[in-house]
Amino acid sequence: MTVEQIVSEGKDQFPIGMRVLAVDDDPTCLLLLGTLLRRCQYHVTTTSQAKTALKMLRENKNKFDLVISDVHMPDMDGFKLLEHVGLEMDLPVIMLSANGDTKLVMKGITHGACDYLLKPVRIEELQNIWQHVVRRKKKDRCNSGSKDKPHPDSGEAAGIGNFDNNGKLNKKRKDQNEDEDDERDENGHDIEDPSAQKKPRVVWSVELHRKFVAAVNQLGIDKAVPKKILELMNVEKLTRENVASHLQKFRLYLKRISCVANQQANMAAALGTADSAYLRMGSLNGLGNFHTLTGSDQLHNAAFRSFPPSGVLGRLNTPAGLGIRGLPSPGTIQLGHVQNSGNPTNDLSKLQSFVPGNHNTNILQGMPMSLELDRLQHNKSAGHIGELPTTDSTTVFPGPGSLVDARITGFSNNPLLGVTSNSLMLEGSSQQATSHTSVSAIGFQNGNALSDFTFIAPASNQLQDSKADSQGQASPINCNAGQIIRSAPQEWNAPRKDAPYQSHASLNSSIPINGAMIQLGQYLDRNNSIFHRTTDLDSVGPLNFVDPLSIKHSEGDNSIMEPSVIEKEGYLMFQPRPHGNHDPDNIGSLEDLASAMMKQVRLVVSSLVNI
Amino acid sequence: MDVVNQLQRQFIDYSASLHREGFLDDQFTQLQKLQDDNSPDFVVEVASLFFEDCEKLINNMARALEQQQGVDFKQVDASVHQLKGSSSSIGAMRVKDVCIAFRSFCEAQNREGCLRCLQQVTHEYSLLKNKLQTLFRLQQQILAAGGSIPVVE
């Protein structure tokens, strides 16, 4: 069978005839790769220049089904190419390298590669790469089929719930929309053959993407629904489904970026990380992140950086693992990023916008404050982040626990991030518990850990009352929150049991508060032990915890690894639902966790207050 | 034919010795399997490309290491990395192994170590080139005599 024949009949004989674009600057490897691929009966195009590859892809996205690219290339980094392809063309990309370092592989994953192969590549491995094409097609089908959800997060939340990896996001949505998809005609016709059922692919050129981002920014992450985005973009022949699937990818992309950013950020400010976590979450949720993203490319980077989803996770992980301690740090780290990103302000604004949106998303519910805080914090975040850890995290998050967590995370990380994350965090908590107040309290305290604690207690009360008021409270808290968050993460470890978890959770998934709660729940146990200790120790105890954590976070190394992990967790935990209740799936568990945490938090808080 | 058989036996023995001595590894066998009627000269093509590439990379490395002002180890490392990739793709095991050691010297920014490795790489590369050329010659002789290349496992 000649290649030409295969190509023309590709649809029917998939994976035979699958069109692959191979990119590698090494001629030996390129020749070998091309030959191997042809031996697998794919239709192969090879090029040694990444730029040429991009050009070819941009000319006609429908010309290829899959891209395989080397990591080390002189004209463009393989990861960069990966991102471009993923964002603009939504094609699966496989990375190829002689270097199989875990770090590199991780980097590939966070940048969106659907697989990572080691040289020398064997034909057996290539024989199965078509699975990535099928998988993506299925995903696209589901995504495009899904109607625009009123809540970005609901859609996202679904996805977020499955946060263990980006793919999961889609999956959840897919499941939710499956029925819709089936009913819808658009994807229904040829489900069985992914390659056959290709709808005309939209080429997301740079211009188009810019419009998209602008539209999302304009609408606000939380309000960025495909329908509205489509209207704003006002592009002919662009369907809502196209926008919806691109939106999803975008969110994942943001998440990835933030993870990457987080790693880089490794901000010492554990608190910062919390924020970033939130931010990311926000982005994931699309709530906050989009804002940031849409705001500007810069923002994206900035936002992402601060928030690197993975970073968030990482943070959470660390705190979680540590128990209370862990919490603050991850968040802070991320926050650090945020600050660094420089767009923090952007983030904050985004967060803010985000926050409101978050109402929907559980996470932010109570947190309007946090966002504001973030802003405030963020501006000072650079300074704050570090500060928080020392402050009594415990104070910050007492009681509301659930809220606290959410909030705390937000704050700690990045002033900007923190804000959003804080808000997120708080929001999440608030849902569960009126802990909002507590959370808000936390925010305020940031600067002075200890003071924060005391602060928190009263705040929590307030919080409770004012979920709505949280906004108002948020402001004060925001200032503090940002700070607190920072410290909180650290402090949290000790007293906060709940808080740390929550913060973690919030960090990760700013979106899925529910998820966060769950995490928190997990952490709670740990925290509890820690918490108890802290209580005994009085505020001092927690501080101790915090510090190590903050330090950890600052290193940021953890975040790198953890974030990804956390992300998953975070995402899972955090359903974008602001209420946490929104998502029945998540809520149940989250709620339980939340309440458990709340209890613990309350305990801690009270003990702290006494201190 | 006796001549063909003789040549084929020679070919097999030589192939086996190359594998035994570590010049080639299993990847090379995979390459040979890829050769078929559609691409009868595939192995020779890949090997030629590899030699060209190798020379270029070695030159790059030599130039970079000669810099008196300050060696750009990153650049050297990039070249070594690429050489490692292509040598592993073709099955040039000994070359690849030297590259691995080479990389750690680069990371350590050890100029002396790098220079030593560069020498080794150059040496291994020449050895391999000679051996492969002998092998390909044998192959051609077999084909010229009307025989087919035996598959060496």
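Glycine is no exception: its Cβ is also placed from the backbone N, Cα and C atoms.
Per TrEMBL, compositional bias 'Basic and acidic residues' is recorded for A:186-196.
What TrEMBL records for A:19-134 is domain 'Response regulatory'. Residues in the domain 'Response regulatory' (A:19-134) partition by DSSP class (helix H, G, I; strand E, B; coil) as 57 helix, 24 strand, 35 coil.
The feature domain 'HTH myb-type' is assigned by TrEMBL to A:196-255.
For A:ASP70, the entry in TrEMBL reads 4-aspartylphosphate. Sequence-distant contacts (6 or more apart, same chain, Cβ under 8 Å) of A:ASP70 (4-aspartylphosphate) comprise A:VAL23, A:ASP24, A:ASP25, A:ASP26, A:CYS29, A:GLY78, A:MET95, A:LEU96, A:SER97.
TrEMBL lists A:137-199 with the feature region 'Disordered'.
For the domain 'HTH myb-type' (A:196-255), the DSSP counts in helix, strand and coil order read 41 helix, 0 strand, 19 coil. On the 0 to 100 pLDDT scale, the domain 'Response regulatory' (A:19-134) averages 89 in this prediction.
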